[in-house]
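J.: The following block contains the structure, expressed as structure tokens.
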Amino acid sequence: MGSSGSMQDDRLGRRILRAIGRSVAHLVPDANLIYYMKLSHTQALELAKRLWDLILHLDNASVKEFIRTPTRLLFTAAELGMVEFLTILIRSYPDLIWKVDEHSRSIFHTAVVHRQEKVFSLINEIGALKDFIAIYKDEENNNMLHLAGKLPHPSRLNTDNGAALQLRREILWFKQEVEKIVQPLYSEMKNADGKTPHDLFATEHKKLARDGEKWMKETASSCMVVATLITTMMFAAAFTVPGGNDQDTGMPLHLHTKSFLIFVISDALALVSSATSILIFLSMLTSRYAEEDFLSSLPNKLLTGLLTLFISIATMMMAFSSTLFMTLGYSYTWTTVTITTVACVPVLMYAFLQFRLVADIISHSYTTSIFFHPRNCLLG
């Protein structure tokens, strides 16, 4: 993970340097050497700062010439999410926020297209000016909400986490972040193709929604089978008392032992949690799978279902272990301890195999929104 992140930083650094080189080659001597410098992301930013300082020390005519044609540099930075570099530029020349590219899009529109939340969050720092920028429309009459409704480049779609979780992030972008920036009238505005932002979102994300529904249902079905098996076994175990019953009283022979108490509690917890898991996964299978369901309802159900299933597996193995102690007693201590230890393997395997999925659900469901909020006052 570290090496891939480093390689990505290097690619971003080289790309921003190439854009810088193209922009200042005619202003700064030997700027073309930048093309051949293999610098990291941090080094690229440092060089960008120095170059920008150098540009600002040129005569007014040269600076105006650069400012008039910085679009490739400016919008490459927005496309790549180089929020620190953009901050340097905008602090030095605030009018850059009004610049548009060849498609009549501002840097904030570009950030929406490429799902660069850090760059887009800068719009919250420009005060009332954001209301004027938000009304920009591109050459196809798409407003900012239309652009949020378009499906981003595959490189910005992390479908490894599941199509449903990625769709949730897309809905969050559209409904809770961009829609609150634009005027209400723009939510119903039609583009050159006669589509409103919501129409465009539904059309562009149809396959992702279908894949998300399929992924959710397949996951729920698989987990439901396991939960059903556990419920069946635990229900049967409740009426099959380990060690047998006293023939005179009918009471369990191990009634007053700690092992029996652990067995009863474990069996009850396994039965209840597995039954709860079944109901949760059943509700997922019968869900409408509307857009709003992907925001909180479905992820919460999936997370709760996986956790209750984990509890049922853990308590089932605990009931099995306590049964061994009651059956074998302390005559075969090492055998009992060994089998009990091995019984932990399914629990650990489930936790290991499902950890990534649970972590992704928690990450997407409970921490995604903080990425859209401005951290510190970068432009202040």
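Yeah, the Cβs are placed from backbone N, Cα and C, and that goes for glycine too.
In TrEMBL, annotation is done automatically, which means it is predicted and not curated.
Summarising the annotation, TrEMBL assigns domain 'PGG' to 213-326. Feature annotation from TrEMBL assigns transmembrane segment to 220-240, 260-282, 302-326, 332-353.
Quick one: where do these features end up spatially?
T.: The average pLDDT computed for the domain 'PGG' (213-326) is 89.
Long-range contacts of the transmembrane segment (260-282) within its own chain (CB-CB distance under 8 A, at least 6 residues past either end) are made by residues 220-221, 223-224, 227-228, 230-231, 234-235, 237-238, 242-243, 252, 254, 301, 304-305, 308-309, 311-313, 315-316, 318-319, 322-323, 326.
Only residues 6 or more beyond the boundaries of the transmembrane segment (302-326), in the same chain, are considered here, and those with a CB under 8 A from a CB of the stretch are 216, 219-220, 223, 226-227, 230-231, 233-234, 237, 242-243, 254, 257, 259-260, 262-263, 266-267, 269-271, 273-274, 276-277, 280-281, 284, 336, 339-340, 343-344, 346-347, 350-351, 354, 357-358, 361-362, 365.
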